[in-house]
Each structure stands twice: as C-alpha cells, then as structure tokens.
Amino acid sequence: MTDVDRVEPETPPEREETDAELTARFERDAIPLLDQLYGGALRMTRNPADAEDLLQETMVKAYAGFRSFREGTNLKAWLYRILTNTYINSYRKKQRQPSEYPTDEITDWQLASNAEHSSTGLRSAEVEALEALPDTEIKAALQALPEEFRMAVYYADVEGFPYKEIAEIMETPIGTVMSRLHRGRRQLRDLLAGVARDRGFIRGPQLGEPEEVTS
C-alpha cells in the first residue's frame, strides 16, 4: 500500500449554527437570567431608567457574541462580565441621580445576614437587632457603600458568586475581591447598626466606636 492509499479521509467541517438555532439557544439559556441581571444593573446605576438601558445594551452585546460562548461554562458569570464592562464604559460618567424604586423588586436580606456577624463569627446582641430593620433600610445602606465595595458585596451575598468568578467579572485579582468584600461587609454592618440605633433597636455607642469610660 502506498502513502497515497494510507491518506485518511478529511473530517467534514462542523455545521455552523443557524441564526434561528442561535436565537433559540439564547432565549433558552440567557433570557431566564434577565431579572437577576436587572438587579445587578440597578445596583450599579442606582436608577431604574438607566438600569433598563444598561440591561438592554448588555443583552444586545451578549447576543452578538453568543456564538463565542462555550456551552458548559458559566453563562451567568459571562453575562455579568458583559454587564459590568458595559456599565464601566458607557454609564458611569453619565449616570442619572438615584431615585426611588419599588421595594419588592429586589430582596437584599442576604446582605444583612452576611453583614451581621462579628469578627469572631458570633452574633452579638447588637447585630441581632438588625433583623428588625426593613428591606428598604438595607437597600439604602448598600447604596451608600462605595461602588467597588457595593458590587463586591452584591455579587457575593446576593448573587452567590464565588471569589474566583467575582474576580473574573470585576477583572481584579482574587485578593482584591476578598479585601473589598471584607471592607464592604464591615461598612454595611456599621451603617445598618447606625440605622438600628436611630430606630431605637440598639442602645449605646455605634459599632466600631469605643465605649465611654467613666472614672
């Protein structure tokens, strides 16, 4: 048998996905994540109108690049990365003023649950009083955090992303994510404690402030 006889037949190229198939796959996999993505957009823009615009632009970009997304990898993290980059590039500089939005759009009780533990991991009487706060107060405290802390807390404590995926979404080292999350949770806890004190749920100095010593 000659070398010519031993030549293997060429493997036929894989059939390219049609536009109809791409659309069906996008609707099946990406569209169900719209509500969660809107929550992230609202946390970034702090304005419902901007959040809707940001989400729409994100989904247009996601659809345009959906052929490059590898099935079996984390679609949610992929979409959040597009959302975050779109916000940074397009909306951060022209952001509208924050406005009120319905309190039932996003539930943030996970934030208080993660923020209400002391450095020893034990719940104190003060932080247990935070459970009396309504979700609107928790939302307001989260919005008061610096952006980099706010988004780290949101991705970890609301969306449940692990550090590695948050680092990919925010395009920062894992160590930076851990630092932002630690500082963000601590600031959130202090803010919530201050609100609880104003509401009469906590007595004494604010968390993080020294007790007054009398002679």
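Backbone N, Cα and C atoms are what each Cβ position is placed from, and that goes for glycine too.
Swiss-Prot tags one of the stretches 37-40, 53-56, 81-84 as motif 'Polymerase core binding', and that stretch is 53-56. Averaged across the motif 'Polymerase core binding' (53-56), pLDDT in this predicted model comes to 93. Each residue in the DNA-binding region (163-182) gets a DSSP state, and the totals come to 17 helix, 0 strand, 3 coil. The DSSP breakdown of the region 'Sigma-70 factor domain-2' (34-96), given as helix, strand and coil counts, is 49 helix, 0 strand, 14 coil.
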